[in-house]
């Protein structure tokens, strides 16, 4: 049977952990009571009487409160509930309760005798107050969100109705026949979001611009929103009425199309529109309404998720109070806490039904307006189910791991027996086979490190799905990452064995060197395969993130985007190998073995600089976009870090082509030292949150997830050592071609390992920032905004 403490640790909301009942501390206090309590006989005037500990506690705490505003060790408090009666809108009476406290002398006397018991109940009161206050805060926050969303939804429905009526009038005037109008409650107004692709708003097609009419103004004024320059607004202003309120549809510029549209709209409003002309200057188009609908739909999903978390928070804390009071009863050997538990059950976080009612309302609205009244379809989006972990995946991970080890051993033996790495044959074989093998090996190593990260994040309760905004149903698990990596390496080593066997059997290199190229094409085809096989959601999401990175700064930068861009900065060797392989096969060199074509060609050399700069450039553009969106100067400082890394990479690449130049050696040393110091500072201080001089943990941060602090200090030293691996580029080792390629692969592998090591602490710091702000639900921007205007 699983202990409740472990069950609570597994089920609590990680971002709200500090707001939960500190069950573990209360449990320790109960143990202290058990240790300190011994049967005592008190003698009074020669007569020995045994005090009933349980009954005295029961009599004293039966009226304990659900929360206490102040706690003093010598003044235990007992509540009185005062009712405040207010008259509601409909003339009905509404009651609110506020707690008042006074001290019982008998209870003080008891606590003076039982210090551990007194401390236990004072701790219990503090925890009850903490839970109650947090629940009230979150409840009011979600209720406010619900009110705002209701208003946003009503505006959306009004605008859709106006557009629908407008379209019917236009079609009616053309065909001579009309259509019956639809009411707001009809199912015809609902939109089936499953028919709207997630990227619909990115497409420039289908835009239908419709000028504002008095119908639009009237529909919006019903919700208390007026357009600037409308007739009714001007009349109110002339009579000295309230300032005008302007309604705007804010569609975030998250894509290139929206970014360009936003800039175009600004230019249109500033240069083309005539502000002196009467009438509204706003435009509503079908595309904006569809984007607004998508935003409101996402906001409803997040609201429902937050309400579900709050309900879970309430139930888990109630169980925690029941369990800890039962433990106390076991120590006291009496049912001494029954009345305290009654007070807990009457507290707000248990007695309030506002969350449940709001959840029902959200379900109803979402089903009606976003799922064509299909509740089953609505629940798929409101309550997405996670895929259960299968033992089949674990089996195949073990199977492919064994196959890889076996095939790699066979390959090593065959290569040694055939003399493939001898000075006579190594040049051609290493130059053609090594880049493909190294590329897939580095990719597999990165997948392995990512699988380790997923395992550690899950073990330490770091909510990476929320941070990366992954869908729970399709999110990659650590076993899946291991399966992809082992499957990839097994296929690659198998192809290498076949290639080597064919070479040893007498086939010419021009006949068998196409095998690595075919393997590369197969994996590229599998990556973009539209069929629902081999983790299609993950593959397509990966391609989407790569698109966002390459098109920086036109796409809005999310956490997953810049996190993946950071991974690419550690995979520059992989991209260089991809360049080499592509050149070798596309230039037809594998038929003639014209290796100099892909080593000394001008275009090849220039492209090498582009590839070395590209990941740092993309990351710098992401920093620029984040600074533009958030106006945070730290993003500009981060941009400087990637610019310095770009300069250092260019200097090292130039020095590698001119190894005898002392000038370039000096430039490499200066630029690399500056970039390394910059990167180390950002790693430790900004990304990991370390070196806080005021922290209670020396040179670390206040909050740590790992219990062993020495791991953090070892990680700092390891990151420092791996960051200076570039020193090898300025040292000239007298080794053969095979050893030099092996050394390059080893250094590239160390950088991948360093990145995987960096990933854990980067996400740990991000998670702790979310915990510090109790941020467990994504804030979705809303499309309709009200702003005061002077007209």
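Heads up, the Cβ atoms here are built off N, Cα and C, so glycines get one too.
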According to TrEMBL, which stretch among 514-535, 536-557, 558-579 corresponds to the feature transmembrane segment?
514-535
Out of 627-647, 690-710, 711-731, which range is noted as transmembrane segment by TrEMBL?
711-731
Choose the correct range: of 362-385, 434-457, 602-625, which one does TrEMBL annotate as transmembrane segment? Give that range.
434-457
Identify the region 'Disordered' range according to TrEMBL, selecting from 130-167, 168-205, 206-243.
168-205
Where TrEMBL places transmembrane segment among the ranges 663-682, 743-762, 763-782:
663-682
Which sequence positions outside the transmembrane segment (663-682), separated from its termini by at least 6 residues, show Cβ-Cβ distances below 8 Å to it?
638, 640-641, 644-645, 647-648, 651-652, 654-655, 719-720, 723-724, 726, 729-730
Same-chain residues at least 6 beyond the ends of the transmembrane segment (478-502) whose Cβ lies under 8 Å from its Cβ atoms:
389, 393-394, 396-397, 400-401, 403-404, 407-408, 410-411, 414-415, 418, 420, 433, 436-437, 440-441, 443-445, 447-448, 450-455, 458, 511-513, 515-516, 519, 523, 535, 538
So which residues does the transmembrane segment (711-731) touch in its own chain, when a touch means Cβ under 8 Å and the partner is 6 or more beyond its ends?
648, 652, 655-656, 665, 668-669, 672, 676, 679-680, 683-684, 690, 697, 699-700, 704, 743, 747, 750-751, 753-754, 757-758, 761
Same-chain residues at least 6 beyond the ends of the transmembrane segment (514-535) whose Cβ lies under 8 Å from its Cβ atoms:
432-433, 436-437, 440, 476, 480, 484, 488, 491-492, 495, 498-499, 502, 542-543, 581, 584-585, 590
